[in-house]
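Notes follow once the structure below has been shown.
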Amino acid sequence: MFDYFRKEIEWAGRPLILETGKVARQADGAVMITYGDTVVLCTAVGAKSVKPGQDFFPLTVNYQEKAYAAGKIPGGFFKREGRPSEAEVLNARLIDRPIRPLFPENFRNEVQITATVLSYDNENDPALVSLIGCSAALTLSGIPFFGPVACARIGRIDGKLVVNPTHDEIKDSTLDLMVAGTAEGVLMVESEASELSEETMLEAVTLGHTSFQPVIDAIIALAEHAAKAPWDLPSLTKEEIALRKRVEKVGNKLMADAYKERQKQARYKKVAEAKDRINEILADEGLDVELAKPMLKELEAQVVRGSILKTGIRIDGRDLKTVRPILAEVGILPRAHGSSLFTRGETQALVVATLGTGQDEQIIDALEGEYRSNFMLHYNFPPYSVGECGRMGSPGRREIGHGKLAWRAIHPLLPSKEAFPYTMRVVSEITESNGSSSMATVCGSSLALMDAGVPLPRPVAGIAMGLIKEDRGYAVLSDILGDEDHLGDMDFKVAGTADGVTALQMDIKITSITPEIMKIALEQAREGRIHILGEMAKALTEGRGEVSGNAPKITTISVPKEKIRDVIGSGGKVIREIVEYSGAKVDIGDDGTVTIAASNDEQAQKAIARIEGIVAEPEIGRIYEGKVVKTADFGAFVNFLGPRDGLVHISELAEGRVAKTSDVVKQGDAVKVKVIGFDDRGKVKLSMRVVDQATGADITESVGAKPGRPPRRDAE
């Protein structure tokens, strides 16, 4: 019934199993991949024809985590999986990026790749497993694909690089790096690091590339038994070949002249005019203008790339290493907790930092369980930033990806919760863009956080590198423009401090690059980063001495764990009363840490005093404020120190004989009491008689320690 094939290898100490022919047999390619007890179903399907007029390659990657994979039932009203989470979007991008450049340049059929996590063992990263599985599914499908691709995750634990660390091991790692590529070279890198050197980062990339070679061999071995016949690729017709030559001849000078304009918007206008003029000439000659559209894009790339390689001068007139002019400003928004405006050439980010309390932490429900994050970084890219009309609304995949990259760059420098008990949210509004907006976000975020008073040990900066690579040579570009990104072969983003790298993301648009090019790019990026940090230092060099006056003032105290329930009270009654009484926000953790957020010191001290009163043990001889909760013939019960009650015997209500308790106090009265002892059952004995109810002063000496007995006076 099944035409079943299986390939198993031992990889990084665990079995990796690739299976095909049993599940999802109607997909062009389907692989069930197992690593440890993590299981992912990966499929690849391609449309058999191209949609008329389509001049791009429509590749879609869907990554989905099923709750049942971790033995869970989804939350929410509908109890089923909904829209992709941020983690799912990021993992889909992780799969897309190394796969996309390996399809033929003239391939236009729609391709859909799906990775469904069916089982998760809390050890082996499902994103890594999914990327390998999707590569295998494509390799088997017959769809034109210059793979296979594989990947590895590299950690650095106790100073040693580790291949595919488990979920628990990565928590103690100073590096979390994912590297993907073919047998020939690296295609993608994504990492977060604790200020590591460029040499260490390159060593990790090299180790990753070496470590996944057995996986590529396993995919090839599976394909030898189970791959479908490859699709035929349409070759260029004689008409298309002739048209391409004519486009190059007619358009070369027109396009080169247009790209002499240095300013972005003016250049775009001249390029559009050049394309219109080329189309006019082609139309006058009776040639197919629609067919020439992709050829015009190719011509544009040839002109720009050829000029840079030949002259060493870039689109905006810079040489290969020069960074665009930078202006950094801080404190530009009066009511924000921290703000910055970072401008680099025609790229600009308005970044705002907001400080909150533990109640503002983001709750994330992931396969590995629910956890909280006290740092959020959100990146917004409105269409006006590039002078266009477009969609506004919820963030797209690109915005989520750029925000996460900036998050990785800043995260290693953040203080611990114990040292800085605030929740931090940073929002980057890209107000202008001409390349490297994610790296502008890194620079602006660092400045905004320091402006808010977050004690970053060192500022963080980022730079985007590019590559032009042809048979006759290559050029590594610092601080690339948008056009250099689109028309180049590499987008290599490096962020870090003066001491080392904190984040690295590399995407290659050609089949691979050499370690030599990576080394040059990393060194050039370091030079650029140091320059940018110097420009940022003109605005701010370190966090302000205290948090913004607009931010809440947070104080932390600790209470014994056994007293937590007393502070919270039944149904949260006590903690709500503390909040109402003080005006401060109060949050208590499972370990007894109480976080108090207030707009001024008075509110904080009122909350602290009330909490300390609740958790304190009554001391004999000490005076407390309380409330009468019940009266009886023999006295009154007074609530004090939070939930604690004590008895004021009728003889201790007031000086002299008291006929009825209600003659002195009624339920609900606020009173001042002194602890005079404990009975044989440990109950607290209180006295109002020895306390001045107006001032709270102890008047034992004047009224006597016991009722009816005036104090003994020494004879004169």
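We count from 1, first residue shown onward.
A Cβ is built for glycine as well, from the same backbone N, Cα and C atoms used for every other residue.
What Swiss-Prot says about this one:
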type: BINDING; residues: Asp485, Asp491; note: Mg(2+) binding site
type: DOMAIN; residues: 552-611; note: domain 'KH'
type: DOMAIN; residues: 621-689; note: domain 'S1 motif'
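Mean per-residue pLDDT, taken over the domain 'KH' (552-611), amounts to 88. With the fewest other C-beta atoms within 10 Å around its C-beta, Asp485 stands out among the binding-site residues Asp485, Asp491.
DSSP assigns Asp491 (Mg(2+) binding site) to a strand segment in the three-state reduction.
Helix first, then strand, then coil: DSSP counts for the domain 'KH' (552-611) stand at 32 helix, 16 strand, 12 coil.
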